[in-house]
Amino acid sequence: MTADSCNPCLTLENTIDVQEVPMTKSVVLADPRGFCAGVDRAILTVQTILKAAEASGKRTREDGLPPVYVRRQIVHNKHVVEDLAGQGAVFVQELAEIPDAAAQAGIPVVFSAHGVSPVVKAEAERRGMHVVDATCPLVGKVHREVLRFVREGYEIVYIGHKGHDEAVGVVGESPEHVHLIEHESDVDSLDFAPDTKLVLLSQTTLSVDETADTIAALKAKFPWIQEPPSSDICYATSNRQAAVKLVAQQSDCVVIVGSANSSNSVRLMEVAQEGLGERGKAYRVDDASELDPAWFEGLESVGISSGASVPDELVSGVIDALQNLGFTGMKSVETIKENMHFVLPAELRRKK
């Protein structure tokens, strides 16, 4: 990222203190794991607005309006959403749920890290809403690529999960020119003339491994299809999956902490299962309360990682639960140190 994209106030350091202890039963902890820079930025965006409202005495307003509205889950983790809601943020599915009085009062409306389509932005502008856009800069890059390629006359094949907030926003940039596919088998449904300018883009939370077969099928059917100069795959997606692969090799089972609607958390579980093979099973839990002690009977080592939207305290809770089950040893598997940071949205920086 450029120097302007760096903010020393945002850190991605994991907070769990790992001291390797050689014990019979142990936890194998993936590093990196948890919050990525885009998630950190999105959460801090809402927290900054809440703190400003608190400081100005506007957290509880006489008109009954909240200090901030957030369209959709700011990140795909229910604990993060519940925590921010407890501080006063109001989450809505659509802008129509926000009263006109809120727009007139200048109540901030935050767009989530996953991005939104031009239709949503146009509605917010029409209603005079004070928008703070917390779209992850890496997602924003894909939006800009769509617009550029459409201007240059391309048809765009976009690999993503149908219905995922990120995919909905990207496709919405130009629905008539962006063709969403999910799997290798979907390539058969595409039909382009040989003189069609084609380019391939993908959802940031997919991995290189996950898209490899689909990309190969696309290139086999449309040999002239182009790829952008740099990958759309998020660094955090690649890093977390690489760490989980190594953790799975050293574990009898793997627990991924993350919500069911988190694309990267679900994929981490799949990557872990692929790494385990027939030796063991991978599980996904929102928090320690969903652990089943029966999963760990007869095991010597349990691997742990978490999705990019997961606070480290939830991982700590899982570790504590496993320690109570006798997994008192601790080993960390580090594949890379992350130092990516994103500044707050421009709407908040202008206020400083």
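Cβ from N, Cα, C; glycine included.
What Swiss-Prot records for the isopentenyl diphosphate site is H76, H114, H164, S262, S263, N264, and among S207, S306, S309 the residue it adds there is S309. Binding of [4Fe-4S] cluster is attributed by Swiss-Prot to C136, C234, and the same site annotation extends, among C36, C253, to C36.
Closest by Cα distance to C36 ([4Fe-4S] cluster binding site), from the binding-site residues T204, N264, S309, is S309.
Our reading of the isopentenyl diphosphate binding annotation (H76, H114, H164, S262, S263, N264, S309) yields a largest Cα to Cα distance of 15 angstrom. Ranking the binding-site residues C136, H164, C234 by C-beta neighbours within 10 Å puts C136 at the top. The most crowded of the binding-site residues listed here (T204, S262, S263, N264, S309) is S309, judged by how many other CB atoms sit within 10 Å of its own CB.
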